[in-house]
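Notes for the one structure printed next.
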Amino acid sequence: MVKLPSLTPYWPLIRFLVPLGITNIAIDFGEQALNRGIAAVKEDAIEMLASYGLAYSLMKFFTGPMSDFKNVGLVFVNSKRDRMKAVLCMVVAGIIAAVFHTLIAYSDLGYYIINKLHHVDESVGGKTRKAFLYLAAVPFMDAMAWTHAGILLKHKYSFLVGCASISDVIAQVVFVAILLHSHLECREPLLIPILSLYIGALVRCTTLCLGYYKNIHDKIPESSGPEIGGDATIKKMLSFWWPLALILATQRISRPIVNLFVSRDLGGSTAATEAVAILTATYPVGHMPYGWLTEIRAVYPAFDKSNPGSKLANSSNPVSKTHIKNXTFACMALSLTLCFVMFWTPNVSEKILVDIIGVDFAFAELCVIPLRIFSFFPVPVTVRAHLTGWLMTLKKTFVLAPSSILRIIVLISSLIVLPYLGVHGATLGVGSLLAGFVGESTMVAIASLYVYRKQKKKSETENAVEGEDSAMTDLPHNEELTDIVEIKEDGE
């Protein structure tokens, strides 16, 4: 009789990952709800969707790096003093982001970035800059939320983090429904998704901060003891954070770059506006079945026994590295299955777009091919997430920086080359994104192999030194040998 392996060690992983996965999917649902708030507007729905999509993707460029401060909270924050340093970093970053939002909205720089580079008309450009100004405070609220989310994850409160994100989405959906029946639909329809986004962000931030104060604040020391390396410095936090922030910034800037090249490829025509609208609609739907795989990178820092912080948070940890690898593979298989069921089963993807976002069926049919390309994203995303988590545990994130550069190079190369092969519109955008993901994951794998070999070589050297020390310890000292000789002589 074949004995099945015990599933007991996998339950902590499941309890940890499921709320995070739901969180990621909930964020995508929130984006779809916001898009529905635009699509439901009777007049100029495609133009409004394109304007909001451009502004939102640019805003995500600023919020992206801040969301990676979650990992700083997960790895570094062991005391109240560490938390204050992390919060201070995010306050400064939020202020800088708000200044950039204002500059882009009011200066010639914004006119050049949005109108000239994207080749959009005055109407779309004006609405995009206005929406971008309205979104100026979102990066700051996002930063506060993610910092406390990381601290909660360190102490295994992933359920609370998931609840906060679901509450965010529920608030967005409710307020979109309410505002669609207000005078805003006629006077300023752009404010419908933007105000709903603010309400949701406020709910999430408040939930996470209250959760921190209720469950963790009184339990952690004022400062970190020497057994976990003492207090983390701002320099250490930023050194750990900047490669992750660079990677996420390049991921988030990828969408604006894609919008830019797709729009320019079609010459700023009506077809270009339609293509950007298709990308705006397909991003959250395509991202939903695989986006949660990114959360796998939080598993290693939370569960690996070599991480001193995780030892404090979970002393009786039954999860081994093999369990983490097996669970990662299972997550990838599940994501691939979801992608192919949702995007390759006839009429399923169209129904999602029509029922959830509220677009018409003809527009939904134009989204089918881009969505099918999203089916291949789970493989590179899983590889990247798993290896990034391992490198975070070792605090070797600096080796990840080249992967972000390669991603942008591959992305732009694809956006330039593919039109010569007859690929245009939203298909060009999503196909180039896939190429960028593959390039980035390949570089992460190479960086991980480099670190692994260095770690192995270092371990072998240490073992050799310990072996020599042990051999020397086993031999009697010179004084002991002399005593033995003297005893023998007396005996004779």
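Heads up, the Cβ atoms here are built off N, Cα and C, so glycines get one too.
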In Swiss-Prot, E122 and V354 sharing a membrane side: yes
Among 86-106, 159-179, 190-210, 430-452, stretch most in contact with the transmembrane segment (132-152) (C-beta, under 8 angstroms): 86-106
Non-local residues, at least 6 beyond the ends, that sit with Cβ under 8 Å of the transmembrane segment (430-452): 247, 254, 258, 261, 279, 282, 286, 370, 373-374, 376-377, 379-381, 383-384, 387-388, 390-391, 394, 396, 399-400, 402-404, 406-411, 413-415, 418, 423
DSSP helix/strand/coil residue counts for the topological domain 'Extracellular' (107-131): 21 helix, 0 strand, 4 coil
DSSP-assigned states of the topological domain 'Extracellular' (349-360) in counts, ordered helix, strand, coil: 9 helix, 0 strand, 3 coil
Within-chain partners of the topological domain 'Cytoplasmic' (153-158) [C-beta distance under 8 Å, separation at least 6 from its ends]: 15-20, 70, 73-75, 77, 211, 215-216, 298, 301-302, 309-310, 313-314
Residues in the topological domain 'Cytoplasmic' (153-158) grouped by DSSP into helix, strand and remaining coil: 3 helix, 0 strand, 3 coil
